[in-house]
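All remarks here apply to the structure that follows.
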Amino acid sequence: ARHNSYRGKKMAAVQDAPMELDAEKETKPEILSDGTSNLSGNTASGTLSSPPLTAGGAPKQEDQQTLIAVLQFLRRNKLTESVEILRREACLEDQEDSQTLDGSGGGKGDGDGGDANSLLSRVSIASAAAPQSTLTPIPVKSEYDQPDVSVVLSAYSQQGDPSLYQVYYSSLKNFIESVLDCHRAELSQLFYPLFVHMYLELVYNNHENKAKAFFEKFSGDQECYYQDDLRILCGLTKKEHLKGNEALLDFRTSRFVLRISRDSYQLLKRHLQERHNNQIWNIIQEHLYIDIFDGMPRSKSQIDSMSGSFAGETRREVNKAKVFYGLLKEPEIEVPLDDEDDEAENEEGKPKKKKTKKDSMGSKSKKQDPNAPQQNRIPLPELKDSDKLDKIMYMKESTKRIRLGPENLPSICFYSFLNAYQGLTAVDFTDDSSLLAGGFADSTVRVWSATPKKLRKVKSAAELNLIDKESDDVLERIMDEKTASESKNLYGHSGPVYGVSFSPDRNYLLSSSEDGTVRLWSLQTFTCLVGYKGHNYPVWDTHFSPFGYYFVSGGHDRVARLWATDHYQPLRIFAGHLADVTCTRFHPNSNYVVTGSTDRTIRLWDVLNGNCVRFFTGHKGPIHSLAFSPNGKFLASGSTDGRVLLWDIGHGLMIGELKGHTDTIYALKFSRDGEILASGSMDNTVRLWDSMKAFDDMETDDFTAATGHIHLPDNSQELLLGMYHSKSTPVTHLHFTRRNLLLAAGAYNSQ
Amino acid sequence: CTSTAMTEREERRFAEVPRESIKLMAESSGVELSEEVAALLAEDVCYRLREATQNSSQFMRHAKRRKLSVEDLNRALRWSNTETICGYGAQDALPFRPLKEGELFFVEDREINLVELALATNIPKGCAETMVRVHVSYLDGKGNLEPQGTVPTAVQSLSEDLLKYYQQITRAILGEDPHLMKVALLDLQSNSKIAALLPYFVYVISGVKSVSHDLDQLNRLLHMVKSLVQNPYLYLGSYVRSLVSSVMYCILEPLAASINPLNDHWTLRDYAALLLSHIFWTHGDLVSGLYHQILLSLQKVLSDPVRPLCSHYGAVVGLHALGWKAVERVLYPHLPAYWANLQAVLDDYSVSNAQVKADGHKVYGAILVAVERLLKMKALSLTLAAEGSGAGLPGTTTGAVSFRENSPGLSPPPEPLSEPPLGIASHLQAGGAGCPWEEWTPVSLPAMYCELYSFFGDSLAVRFSTGLPLGGVPPPGPCQPLEGRKEPASSAPNLENTRKMPQLTASMNISPRQDGSPRMEPQPPSLAATVPGRSLARSSSSSVSRSRSSSSRPGRSTSQSRDIFPKARFPLPQAGPPAFSFIIGGRQMGRRCQGRRFQTSFSPTPPLTTHPPRAYAHKLPVIGRVSKPVRRWTCSHYSLHLPL
């Protein structure tokens, strides 16, 4: 049976693999039996809003209802074709008819089609990605952005006595404060979601003053890392405001996830039943998802390290999917050794050395990483001759690479942008460090040559006709020497450029801008080749696949999109973040994409099927930088809270926290061998961390892996290898050259 | 502009817009609001403002800034389909002022006079080009910025960055690495943010006095001066005086480095002289009386016989670099007095005097070059003055242009004929009482020539040229000076002198045969003088005479000048016999007609192999770098030119 998508709310793709329902059932019988009445009472209106992975007890039924709701929606929007397909595929004919007749709840409401349409237009999902795509397009069955506002909000319509809300909340508070310490930490997690939901309920029901009073009284109890959200909440005192606030709609539609041990949960349940505190119980049932686990309750620090996101913690099962984090096999390329090298070796009288070198390289590339995806799991572009040459260059360079370590720190070169009155917003280096691109707030993209070699355009078509195409140096001849300059400006965007990324072959440059487009520039002609439109809202970041051809972009519309350079429409839409997608990165094997968001979560998406395969929470602020370790095993993320978190992708666990920066971290980069992690921040420092030690210290026992209850050692100071100040220049970008020299870039700030 | 009043509320959680403000705003646009509506609106306005602020903070974060800008807010407004607010994009802070009566706060909104703005003449400079600079910040994870040199204590009050910049730059310039020095000099020349460091750099440069033994360092410091002078962002102000005095030091002082004859301090002096003229021409207006002062000090050195010859040399090249008028006013009047001293040196053949004599030749060469240009420029200026009355401006420009084109080998940058500029000329005239040039009266060109010829003899005659192109038919332009030169001439004819009248233009160049430069029949230079002499003898009645002021001198000096160049005193600069071209032109005066213009150019003939080079070599006024092989014919006769 085909389940509807992973995140029903913004269906991007339909996944094939059923989730492991068994595991879920084991841990969740409790809530199911309690919740059935509520669920059934809620089906008509609530199904759409319930996240798909609640699939829990009666996944079949719930899924069907979801599908029916989808069908209703499609029909209302006259998408008959899609209706047909969906009906056929889901074998829904019979039930659907009967259901639609009594469609009193969610289907209609005051659901104005216009509203839905306008939302829809924001996230238009390619109903069928172009067929010639090398990546087989996944048939997307429905275009769906969000349930109607009224549907979402109607869940709040049940009336308790508003004057008693404070009593309810404080009685729960008293209870939680009175329980044993070990349970208190766990149950305290309830405070924040309950507080928000109760407040919103009051607002929704027009009890403005009561809401204000409620907020006054209890907002101080919340964890400090929810400050930003509370600030948004406190301004919101009218029902009308609620409608326009997407962030809170999302909060409402997605269930807040809590992880509580079985003992604590029992305690809570008993208390609520004894006191007949139905108001709270209802909220827990409807809006919260309590992930119950057996075993020791978690400690406060354990909880704190994982919480902080906009939608609670990760459900454990989300991170159970297999991720092929290994690297792809390197294509076998004969490395012709230079004559120079030969001579040198001969002089030294060690002709054997050459042989061994070749062997080691060969064996390395022949071995297939067990964790690597199939070589052809996603179609990748063929290697061109120039790519092979570049690979050879790369290999040669890597033999000269400096081995870094705690005792051997890299040298740092700082590329200062001077006179950047236009505001430097993004920087990227090519892999070989020969080119440097800057995105500016004045909509320009500028490319500099980081080597003495100047940038030249290709000659005009007329001039190209005159060239002897047979000549050996034709590639040199096509360049127009008159255009040689140290830098080139690229004009085309109509808003600040927030992200730039070079293609691995250095022929193209991507830039994403506030104007809602991603542009592809040719570095041969220095002109714009394509403008990829689709986001319609500011595009915060874009990144080329390490093999070229594909790229990913993420923006204010809360989705990330996967594109191929030769398609004007996205191949995949990764929807699921509850707020802006702020940064996007490709996995080194190009099979996965990671996105960071303002909702303080990180998601890893499978390029093949569009599924979210990892969901990381723990950051306390919007995430602005991401970096994969070169071996593809680990991920580092940096956020506005000045902390770097390290993640193990295979196990789906947080494995380290690096504290030290005092401002937003905008740049993260692992050294070429992965021994050192460099982080650059707005606080004008570059810090180097011992990533090897951080990874080695990780507990990888089965229990931790199974429960996800990590216990982070507070060893930031030990891991910090060095802190380097720039000259009042925020660090915007970091890059390790192929020989492990660290390049940092930023705009000099004279104030 | 709107006014926003904020009242204190007890349960204030954030800034709120009170209903009174809403009502006021509504009233200002002619709408009457009820209390109720105003209250509701106030709340909504407040919420929307907060929403917009929150959204705008995202744009700030993604622009990687800490400061929320008006632009950020406008973007947030635009994305929520709200009209943006205009007029607040200025970088300056907007003062938010309270009004005492009635809790009113408002942003000051000054009126701008658009007409004034549009007609303003001080057009703001465009902002500098965005660029990327790279520097190694940390080597092997360690800072490599340990202080290596000492820093003047005053510098310590500067910001850390500037201080580092200062250290780096001075270290680079005075250090060993020529490449680093180049980079540092380039930066010093283009950096727009070093105004605060100017005093310190000037201080460093004033250190020339302590390194007078080290030519290399002196050179580096002079280059530093050049970079500072050329930096368009720096206002040198009164520091010009200090820089000039440092440069003058290099020109005039008997540097410790010059004790060793192997040290080429001459080049340094040449360079410093050119630098001096550069400073003067570009920044001379910053300090009043600078020209005057410079001339005074140069004159003082020149008139001081105790000073070593290298100082004299410096004074001469300094005058030369300052322009022909400086030469005319200072060097020329001093020449008779100075000549005796120089002659004495040159005539002393004792071994112990060899070094001094070599220095003397240097001075001799420098003087020759200076007076030669003086004559040339004076002639040109007279022509132009004569032409200018009729032809006006175009004549001047073409004259100047043709001059430039025709004198490829001239050392200093082509200078305007109208030198010195009016302002300087005026204060020159208004110089202190008792100044020598107070009673100075211009000497007429012929007189000047006569006198100079009496010193230099044929070497002057040969070198004196109006700069004809070195081959082919001479264009009519260069001939005009000849006519012009004669026009002012008047008064008593002097037969003895007319024989040597400058009725010729000879343009000679020494050139190796291989280089393909046009050659003409080698002629003994003396011919140049005799040919016009003969022609003039015939037309002596009109002719030219020397001026009254110089009438007494030539008699005395002509006899001396003959012995200056004993035969074969100068080795030949190159192996092959040099070729030189010359053109004789002038006007034959007849009784009946005004005169007939004549021009003779000697066309190249087969090389005169029979003629031994030595026969005329001794007449060649090659004074400068005799030891150096001459490579390019354009700079062959002398080389004061060091490109700035």
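Each residue, glycine too, has its Cβ placed from N, Cα and C.
The compositional bias 'Basic residues' feature in TrEMBL is assigned to A:1-10.
The region 'Disordered' annotation in TrEMBL covers A:1-61 (among others).
Feature annotation from TrEMBL assigns compositional bias 'Basic and acidic residues' to A:22-31 (among others).
Feature annotation from TrEMBL assigns compositional bias 'Polar residues' to A:34-52.
The region 'Disordered' annotation in TrEMBL covers A:94-116 (among others).
Here TrEMBL flags A:160-288 as domain 'TFIID subunit TAF5 NTD2'. Residue counts for the domain 'TFIID subunit TAF5 NTD2' (A:160-288) by DSSP state, with H, G and I taken as helix and E and B as strand, are 104 helix, 7 strand, 18 coil.
What TrEMBL lists as compositional bias 'Acidic residues' is A:335-346.
The region 'Disordered' annotation in TrEMBL covers A:335-383 (among others).
TrEMBL lists A:358-369 (among others) with the feature compositional bias 'Basic and acidic residues'.
Mean pLDDT across the repeat 'WD' (A:417-458) comes to 89 in this model. Look at TrEMBL and you will find A:417-458 (among others) tagged as repeat 'WD'.
Positions annotated as repeat 'WD' by TrEMBL: A:490-525 (among others). Helix first, then strand, then coil: DSSP counts for the repeat 'WD' (A:490-525) stand at 0 helix, 19 strand, 17 coil.
According to TrEMBL, the repeat 'WD' annotation covers A:532-563 (among others).
Per TrEMBL, the feature repeat 'WD' maps to A:574-615 (among others). Remote same-chain residues near the repeat 'WD' (A:574-615) are listed as 6-7, 9-13, 15-17, 123, 135, 138, 247, 250-251, 254, 308-311, 314-315, 318-319, 321-328, 372-373, 377-378, 380, 540-547, 550-556, 558-562, 621-628, 630-632, 635, 637, 639, 647, 649, 652 (criterion: CB distance under 8 Å, separation of at least six residues from the stretch ends).
Sequence annotations record features per position, and here TrEMBL assigns repeat 'WD' to A:616-649 (among others).
Secondary structure of the repeat 'WD' (A:658-690), assigned with DSSP and counted as helix (H, G, I), strand (E, B) and coil, comes to 0 helix, 20 strand, 13 coil. As annotated by TrEMBL, repeat 'WD' applies to A:658-690 (among others).
Most Cβ pairs under 8 Å to the repeat 'WD' (A:490-525), among the stretches A:417-458, A:532-563, A:616-649, A:658-690, belong to A:417-458. Secondary structure of the repeat 'WD' (A:616-649), assigned with DSSP and counted as helix (H, G, I), strand (E, B) and coil, comes to 0 helix, 20 strand, 14 coil. Residue counts for the repeat 'WD' (A:417-458) by DSSP state, with H, G and I taken as helix and E and B as strand, are 0 helix, 23 strand, 19 coil.
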